[in-house]
Amino acid sequence: MHQRALLFSALAVAANAQQVGTQKPETHPPLTWQKCTAAGSCSQQSGSVVIDANWRWLHSTKDTTNCYTGNTWNTELCPDNESCAQNCAVDGADYAGTYGVTTSGSELKLSFVTGANVGSRLYLMQDDETYQHFNLLNNEFTFDVDVSNLPCGLNGALYFVAMDADGGMSKYPSNKAGAKYGTGYCDSQCPRDLKFINGMANVEGWKPSSNDKNAGVGGHGSCCPEMDIWEANSISTAVTPHPCDDVSQTMCSGDACGGTYSATRYAGTCDPDGCDFNPFRMGNESFYGPGKIVDTKSEMTVVTQFITADGTDTGALSEIKRLYVQNGKVIANSVSNVADVSGNSISSDFCTAQKKAFGDEDIFAKHGGLSGMGKALSEMVLIMSIWDDHHSSMMWLDSTYPTDADPSKPGVARGTCEHGAGDPEKVESQHPDASVTFSNIKFGPIGSTYKA
């Protein structure tokens, strides 16, 4: 994900476990989804969702004293990373009451502001202790989404990252929390706002955010490949692969992490920019939005296909295709209107041409490009989230960005939102009731999840 305001992880060090609290039982909201076959028949799967550990109450193992309040650590309980992991526990979640997360059948609704809480990030579970893993290669992933209540500056995201299915418990055996409590997060920004990474707290070097009352930046980050199927609001949308040098989660240190949270964006082992297909950025301003061809005032079905060179589930990723279904009509993705950039799907040729046309540094190719992304797609965890952006106010998605660039230059205009419209303070005060609803998740071979 290009920039992410709210992030996390939690695991444990040998002999210094991150603990599990006993103040509230953890009950995962149920969520059904469908697994389809080549013949187009689908069977219902009984899953559930879990909220990321970074959102959870973190308190002393001995009582209810907070280990973390606002965006600062309790220095007595957390003088260093190892002591903090030993002294502190994450606890169960009140999904609806605290986080504004509700499910019904196949439907998941994420509310933006609930009390003091802002945003959320949920993972699809296979069972109570394990994230659901997906092999996207030679398959397609389909879901319905309602973005009508997502104004400028918000992002209702559905994406995959190469997290460990157990949240890291087997790699760090003293991790007592694991996937059940939403541990193990990583992405291509190598996020440093995570309170726990690889079994240790992230308190050493922690700097509270100057503009986010709930977040800060620590000394470590958590990196892994990320496949952004859907980053969107009612104005703009983007699909973006982000490869990394390693196909699984790794920990980084300081500004060597790169990404949004570091002084040098391209210093790390991942591609923080990715190769994005945003119809508006690719020159088609009438395709996606309120009253447009894909009308964001109504629910839509989003289909994403992962084509391999040899047509097998183990082949090299060669193309990522997108289409929509709305009001019973299949809508092909918009075609690029940018000079010297052709097509309506993501391929190696498209990415190379797009970077050149936009004058962007080709960090995508540096970290393996499309084939590198494909190497990570066999074991991916599904994430659904709602968030605002304390780094760049989501202008990279729905406005003109960089802010000092000429809007008429190719690649600068990404949507119709005005500068400042997505300022987190503004959207949190003016649109606390914003929300996104995902439903009818389907997964299976190419062509099996929708009616042509």
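Glycine residues also receive a Cβ, built from the backbone N, Cα and C atoms like all the rest.
The annotation signal peptide is assigned in Swiss-Prot to 1-17 on the grounds of sequence analysis. The N-linked glycosylation site annotation in Swiss-Prot covers Asn81, Asn284, and the record cites sequence analysis as its basis. Positions annotated as active site, nucleophile by Swiss-Prot: Glu226. Here Swiss-Prot flags Glu231 as active site, proton donor. The feature region 'Disordered' is assigned by Swiss-Prot to 406-432. Residues annotated as compositional bias 'Basic and acidic residues' in Swiss-Prot: 416-431.
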Same-chain residues at least 6 positions away from Asn284 (N-linked glycosylation site) with a Cβ under 8 Å from its Cβ, in sequence order, are Ser334, Val335, Ser336, Asn337
Neighbouring CB atoms within 10 angstroms of the CB of Asn81 (N-linked glycosylation site), all protein chains considered, total 24
The correct DSSP tally for the compositional bias 'Basic and acidic residues' (416-431) reads 7 helix, 0 strand, 9 coil
Between the C-alpha atoms of the residue listed as 'active site, proton donor' and Asn81 (N-linked glycosylation site), the distance in angstrom, to the nearest integer, is 33
Glu226 (active site, nucleophile), Cβ-centred 10 Å count of other Cβ atoms over all protein chains shown, is 29
Students should find that the Cα atoms of Asn81 (N-linked glycosylation site) and Glu226 (active site, nucleophile) sit apart, in Å rounded to an integer, by 27
Three-class DSSP assignment, Asn81 (N-linked glycosylation site), comes back as helix
Neighbouring CB atoms within 10 angstroms of the CB of Glu231 (active site, proton donor), all protein chains considered, total 28
